[in-house]
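Student: Can you read through this structure? Questions will come right after.
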């Protein structure tokens, strides 16, 4: 034993020598980033706009674990399944980090036997992607989801989801956008009449999904070369996927000799027509484009699918226009909950996910270009003193303000110079300074200074809270 202990002590001594030499690589893992106070302030603005929209539409909020059992996520994402992060086996359960918020939501509904809910969920998801971070794509990122689960009359909840996307994108003032819509049933019907074998529907669907990024020629050669589709079938698909429009196109396709014979496509086109009628009543049909190239590669969609795309950003401050593509997407997934239910009970669902990271990239670049000063705190007033030996009085006053719910700060110095205190307000954007001095204490007042105008007023100590509230509500 003594020998072994001596050996271990020797090894420990050697390790100790190396300890000081080890250099840490200070970086965030690939596909992730830190958010400083400035970025968080921008991000909170965006979150607040999104949450208030979800609440305006009557949604409740839920949360689910960041990891799920691996089998919960397996087989739900089609070709994207390879992007799921698997965790090392810890304690007998095979786990994976969630890839989106939709599958966990479906698991939650099935597990709790919920057949009717309107919910939103904002949380981080994880994808083992090779992301282009400059375009707002990451391996760890937030999703903001809104979903309506339950058996309702066709297209009413679907239209509301599109209205929500329209409200949020308009509210955030991201520039011009279009919301593309299609239907999985129309796609499947189109594939069938074009001669795509059933077994190739999903894989051809994921090829079509790339049309917003690569030209048709590349997609066609992938279908024919890699996926073994006949050139004739690919050409027939090509004729359809180039079409986009509104009600006129739906009417035209309902008359199409081939498509109208297909039961699935006919159902999808009928619902699409209804959807456009509701969108017209909501006053947003002008921003919606029925687009046959929209496929959305996820396996669980069963009906309407949609994607909001920002149109070319013209920005004189930035040499390269920001082209971020899709900023929201979603659709109807009526079969997903049934996959988890032991009895296969289906709960129809439709939902939308807002691509907050891409939206955030745009807001960040825009603010940098405009050089607008961003406040990173919400402090309403700085408690200051004009003379020395007034720390106790400052502490008493700031405590009164905190207890009254006022957001207040002070400098952590016994005797700070008044100039330094005023400068701190200028630098951080604090609008008011409450100054205590010997004379003010005698008179039972506090001198309130308005930083922007440098105007000063004496306020009775007992009226100070009310005065601060009034003045900051005007800011």
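Each residue, glycine too, has its Cβ placed from N, Cα and C.
All TrEMBL annotations are machine predictions without curation.
According to TrEMBL, the record shows the following:
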DOMAIN    31-363  domain 'Aminoacyl-transfer RNA synthetases class-II family profile'
BINDING   100, 101, 102, 127, 143, 147, 296, 300, 301  L-histidine binding site
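How buried are these features, and what lies next to them?
Tutor: Cβ neighbours of residue 301 (L-histidine binding site) (same chain, under 8 Å, six or more residues apart in sequence): 184, 331, 332, 333.
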Student: Cβ-Cβ under 8 Å from residue 100 (L-histidine binding site), same chain, 6 or more residues apart: which ones?
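Tutor: Long-range Cβ contacts: 77, 125, 143, 145, 353.
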Student: Specify the count of other C-beta atoms within 10 Å of the C-beta of residue 143 (L-histidine binding site).
Tutor: 19
Student: Please work out which residue of 102, 296 has the most C-beta neighbours within 10 angstroms of its C-beta, and give that one of the binding-site residues.
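Tutor: It comes out as 102.
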Student: Would you give the longest CA-CA distance, in whole angstrom, between residues of 100, 101, 102, 127, 143, 147, 296, 300, 301, the set recorded as binding L-histidine?
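Tutor: Value for the max Cα separation, rounded to a whole number: 21 Å.
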